[in-house]
């Protein structure tokens, strides 16, 4: 029993790691741009396909493929900012519709380029850390956990200590006041989109060898990310991280002890409950939207 | 007299429409007719200013209810479709208690969560919902004859005629509601809820009313669908279908009654017929997505605004 | 005899801030009653509590002896207390006539089944007649087909009052009705308010324009820093030392 708990706990830590990478990106984009990026799951998918392309097809080193994924998806974010979200700044439903359109295009491109079948990616490492007979942590999962901790810490330092980070937070809180202070809204939007998309991309790239990579893999991820950002409080980065951990623990344990569908229902019910009781989220304050 | 002639011409056009189409195009025509009811019912909800992401699941509630009632309890199919609509409307009343504590973006996400939970419940409970495989062998509409025409509901043309009659009746009711003081109150709730409230309008009651009427008609459209295709499962009503409804409404525009219908027809014809005929089978989602983006960028007020422009230009010589 | 409209020990706290503190006053039936005070005195907060927009932290608002505090805005409205809004809050996308028709909501409650079947012709006629009557009263009849959003500022204010008037209220709560009006419009509006009073409608108004309020009100309640300061007729208030002190820091006479 203790083994099972420990193993489930490790699974939860792994899940929390990649979920928080995705959710933090989504929150960052929402905070600065004021739009919900429905195509965020497809950015994650694009990161995974970068690894398919560069690592399994071109046989480049895995880390280079991951870096390429980060860059490529970050640039996709810049493209979305320039072509979709900036022109639709004053149209609340517009950003939503445009991001859904983008989602469909991405899925279609992935199907056309790689086929709808699941991709097989050769494992990066077979190494497994064995804590005991039944408590094991594959190295590949440990990579994801370490990467999430490093990246989120770096982001935290960037946001709290640098001028860019200060501008980003100011723009997220009050775009008009920030503009009056001489902060370029377009510049901060670009940075936020690049980072937000890049985080989704890197999450996709890192988990690519561990999950089934297919053109529709973004769907389950976006639902999870929505739950997390609502529970954490829309616009709160710290809340998103905490909620990712909470969600991952709840979901992993319910999956282990009941089944996956019940776990999904629990997650959604958790979100609905938060929306009913405290719509600003458990860790958020009332601001945008 | 003139109105009557227009009505006759319209009826004749609808009657003649399926002839000369291929079998698969006739099937699409049936789906199109049902979807027109779905998107028009969705517009009634948007009249009060709320956008839901659970509307298609509500349609599914009607479909499941009607399928189960006819299959398990032997309810006569037209009655079960009607009951399916009523059950959808009642479920909406229940859902309104948690959901209308939210507004705007939060309602959007909340309705999505509620819808997904319902869908997962269908998936989880094999009895009576059939689990992920859903319900198969749903009773078809019983055939009947009206003397000059024999309805054989395995034929899309017959089912199309039936759907046109049902959908037209539903649209007529929706139209009457919108043009009534109730519809005016919906508009009032949307544009200035505080002023409406100060005028004695019970906001919660009117939001719930719009939600449940919209859901009732969505349920009827679900019943029509279920008894035509004969098999439904949780994925028949997933968020991808919802995205289509959303785009029909937004590309068509929601400030007029005909806007969403126009959006539904234009996009369906484009997606199902033009792109298929041109051999873009694999690229259809890509082109569809591009159309969505382009229309929201360059036609933010929808197709209806283009129609209005043409007509106002014609009015002024 | 029970008072017509009575505010009793009304208190509103927002977090640590007490916006209105134990305010009590009475409004007599058939009067124009003014509520004045310097900026930040809590006038609008009081107004919002009476109309049901806010729920008071403590205290009561009583209408003919019935406690109406804490009721929702539409429930207050259904008891005959109808408010207007400070800014030109209208259904800008609807026609002027439709705006007034929304105002008739309580008189001719829409019924969805009757509406579908067409059994509500009488009601629709009645509602339209009442809406037109309200528009005529405020001199807006010639604009009935225009969009409310396209009206001039003065007309928008008048339409706001017409919407409230269309519901046949007992009490009209007017939130700064003269804001942004030129002297001519103000004069006309004052005339209309007297006409409303002569129709038997009690008016409670919150206002900055001292000239208007002095010439119009039967009774004036003055508040300062959330508390009751003074009450009386216009002359009394004009010369009340506490009012002068509060309002203008004693520098010059009121108005």
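Every residue gets a Cβ built from N, Cα and C, even glycine.
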Which listed span TrEMBL calls transmembrane segment, if the choices are A:139-159, A:160-180:
A:139-159
Please give the sequence-distant neighbours of the transmembrane segment (A:92-114): residues at least 6 beyond its ends with Cβ less than 8 Å from one of its Cβ atoms.
33-39, 41-43, 45-46, 49, 52, 80, 84-85, 215-216, 218
List, by number or range, the same-chain residues at least 6 past the transmembrane segment (A:223-250) whose CB is under 8 A from its CB atoms?
9, 12-13, 15-16, 19-20, 22-24, 26-28, 30-31, 40-41, 152, 155-156, 159, 172, 263, 266-268, 270-271, 274-275, 280-285, 287-289
Check the transmembrane segment (A:12-40) against each of A:60-80, A:139-159, A:191-211, A:257-277 and return whichever range has the most CB pairs under 8 Å.
A:191-211
Mind checking which residues of the chain, 6+ beyond the ends of the transmembrane segment (A:257-277), have their Cβ under 8 Å from one of its Cβ atoms?
223-224, 226-227, 230-231, 247, 250-251
Distal contacts, the transmembrane segment (A:60-80) - CB-CB under 8 A, six or more residues away:
29, 37, 39, 43, 46-48, 50-51, 53-54, 99, 102, 124, 190, 193-198, 200-202, 204-206, 209
